[in-house]
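Colleague: Structure provided below as structure tokens; questions to follow.
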């Protein structure tokens, strides 16, 4: 029958029922049946199936040219009430009716072949039913046709639809899902073990395989039987261990134990080469893993089935089963997943599996796996050595670039390349999704992040130079330097700032000038000019390319040195406050001071210097600033408020902590005298130094100091540039180390002549500036959450606006309200900058491993690839270098302090000559390589 013919088949409603209660019930039944059958017939296709009776009906229809008006719908199974009110099922129907299908047929001779699934009615004990046959008549038939059981015109699978049948229609869909449950599945891609670099892989194979349970040619054919056999053979001797615990963790079971599915498994997959990202499982092997609190050691079992067996989805050709059981509290490299990765890497190799199939005995099976692990490690090491040899052969080209070299080649190339992006550096700060929002928050962040440290460094330089370089000069220099570099610098993400090492070096110059009797500003200008001359020479000869040999350990060590310098200066400030205010009260309780008026007046004068509350308030405000800043900085990790509000609080942790603690000191402790910074208005903001007033011996000293200082500028600037231009930050406009160093040299030449503090690229402000302009997403890898930078707005707009505001602050916010900020809050700011800079410093993280429980070791790349003693040895070497650097940098002797930049520079050849004699290159690549 065609689709047109099918659509023309009428759906005949039931005849009108008689009046009365019975009629009301039948009326309801008729309307519901009519609606149900119309829907059912409209959704069901008809298939042409000829029978003798159907052919006769078709011939009659054609002969009379009058459509048959009676349509017979057969539905099975539907109960019918017999004459005595009891339902009975005839035996003749039992063989023809399966109770699981519903079929609708047309009396015109084309029965419907499509079947829809209906629930079998409830059992006879529940419904007191049996089944017979009946028909539904057309509208013309007002009476019920009797149905004889022997009537051949009506098959025995034709049933009546009464009230109970309608109820069955309504409940079909609901009852069909009585046993439905939800199953949660999560797929995660994990990397294979590198047997050549991950030392734990080979150690696990050697250690675990010798005591692993190996079962060959198992005859069991069901999943439960196989796992029960393996668990029984493992015979784990642990005090609280039971086999039921393993089964309950290995399998996901429902309440009725009607199905068993492996909870956590590892298998290899391969892409099929088709579009749409399709892939296929390697169904010949599977690793099942679990963690238990009742085991103290790892246990491994490997079973080989006697023949490939179909054990269900993704296991249709299974031959090998690996079970790994590990304690819940295990070291990061000894977890169940890490151990499973080791064995899964071996079984993912088809050649290894084939050799294991051919193994005849357990010893041969074990020897095959051990040999395969060693071969895999050798192959991976050979590949790495070939790659390393290629890298060394291209080292010269990698460092200095291809082509003929000539002076200023790198500087000119970077200038031309950056010039193409100069216009986009401005409009990238205006256009784009959420760009304006990011620019506003970054401007606020940079304003406070640069202004507040400038005040703090101003206080530090004021103490070191007796007011020669004070707070107003540092703020003004910050504004001038920031604006200059924002316009002419190569990498706009770099933020210039005067730093603690520069403050230390300025103190060295001041002490030497006082000892030699030279004018401080003249000597300061000469040292600065000589230093900038060397920097221009470095940029012209592309010596910045040598910093490509600087490894990550140099950056980490120098960042840690700067953090220590912040802490040292804060501790020195606290010590000075206690010496001035707290310990001055040591002899105030002497009763002899009250004997005479003179002695009494002296006591009153001494009591004015005895301010123990000032020292205690100093410590409270400093530590309060530190705590509040860290609390807000880490607020993004809390579940409170919304994510956007948490990010907002974390972004403004620095200014918020300073403002809140300043308000706390001004109003809650207003009765206590607090240390404020000095303005020294008698010293002019700009004063051109007389560089010709020094004797000729002075110029020689300045040349030595300038040469040493150039190493500090060179290392600091290039380390900052390397951190900013890291490939993980996904910057798109290229690097400009030589251009940045040249611009810094020109800027500091001017600052030297007018007696303003020097500045260069600063940490951690530069990477924090980049992060403020970035779109960041959280990713989960092997159970650990880490943040990934997706995009960075490389613009100069935020830096320009922030430093314009700082310039205005120099003239309109000094002395008040900026002078209301206590020096204790500023030194708390130093502590905040020190501790926040430790985030992500791997040297600091490895130092913490010395006091960390081994079970809590993070599964970082170097923990997996390097033996633990080698990790601690490398950390010890870094610690010795750091102590040497601190010994020179914080020495009480100025002529020793002046050489600490040179000491820092000479750590580079030590890293490439001495350290490899103690630690193999493959371990150094994991500990100190770029990743």
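Glycine residues also receive a Cβ, built from the backbone N, Cα and C atoms like all the rest.
Take a look at what TrEMBL says about it:
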COMPBIAS  43-55  compositional bias 'Low complexity'
COMPBIAS  56-67  compositional bias 'Basic and acidic residues'
COMPBIAS  94-103  compositional bias 'Polar residues'
DOMAIN    407-586  domain 'Bicarbonate transporter-like transmembrane'
DOMAIN    602-929  domain 'Bicarbonate transporter-like transmembrane'
REGION    1-29  region 'Disordered'
REGION    43-129  region 'Disordered'
TRANSMEM  439-460  transmembrane segment
TRANSMEM  480-506  transmembrane segment
TRANSMEM  518-537  transmembrane segment
TRANSMEM  557-574  transmembrane segment
TRANSMEM  616-633  transmembrane segment
TRANSMEM  653-670  transmembrane segment
TRANSMEM  691-715  transmembrane segment
TRANSMEM  741-763  transmembrane segment
TRANSMEM  797-814  transmembrane segment
TRANSMEM  871-890  transmembrane segment
TRANSMEM  896-914  transmembrane segment
Colleague: Which sequence-distant residues neighbour the transmembrane segment (480-506)? Criterion: at least 6 residues beyond either end, Cβ under 8 Å.
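Modeller: Those are 414-415, 418, 425, 446, 449-450, 453-454, 457, 460-461, 464-465, 469, 474, 524, 561-562, 565-566, 569, 709, 712, 716, 720-721, 724-725, 731, 735-737, 739-740, 743-744, 747, 751, 756-762, 765-766, 769-770, 773, 792, 794-796, 799-800, 802-804, 806-807, 889-890, 897-898, 900-901, in sequence order.
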Colleague: Within this structure, do the transmembrane segment (797-814) and the transmembrane segment (741-763) have 3 or more Cβ pairs under 8 angstroms, counting pairs 6 or more apart in sequence?
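Modeller: Counting Cβ pairs under 8 Å, fewer than 3, so no.
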Colleague: Are there residues at least six beyond either end of the transmembrane segment (653-670) with Cβ under 8 Å to its Cβ atoms? List them, or say none.
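Modeller: For the transmembrane segment (653-670), the far contacts come to 444-445, 447-449, 452, 617, 621, 624-625, 628-633, 635, 820-822, 824-825, 828-829, 832.
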Colleague: Checking distant contacts: for the transmembrane segment (896-914), what same-chain residues at least six beyond its ends satisfy Cβ-Cβ under 8 A?
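Modeller: Residues packing against the transmembrane segment (896-914) from afar: 501, 504-505, 507-508, 512, 549-551, 553-554, 557-558, 561, 704-705, 708-712, 714-715, 881, 884-885, 888-890, 928.
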Colleague: Let me spell it out: take the transmembrane segment (439-460), skip the flanking residues so only those 6+ beyond its ends count, and list any with a Cβ under 8 Å from a Cβ in it.
Modeller: 429-430, 469-475, 477-478, 482, 495, 497-500, 503, 569, 648, 651-652, 654-655, 658, 677, 757, 765, 768-769, 772-773, 793, 795, 797-799, 801-803, 805-806, 809, 818, 821, 823, 826-827, 829-830, 833
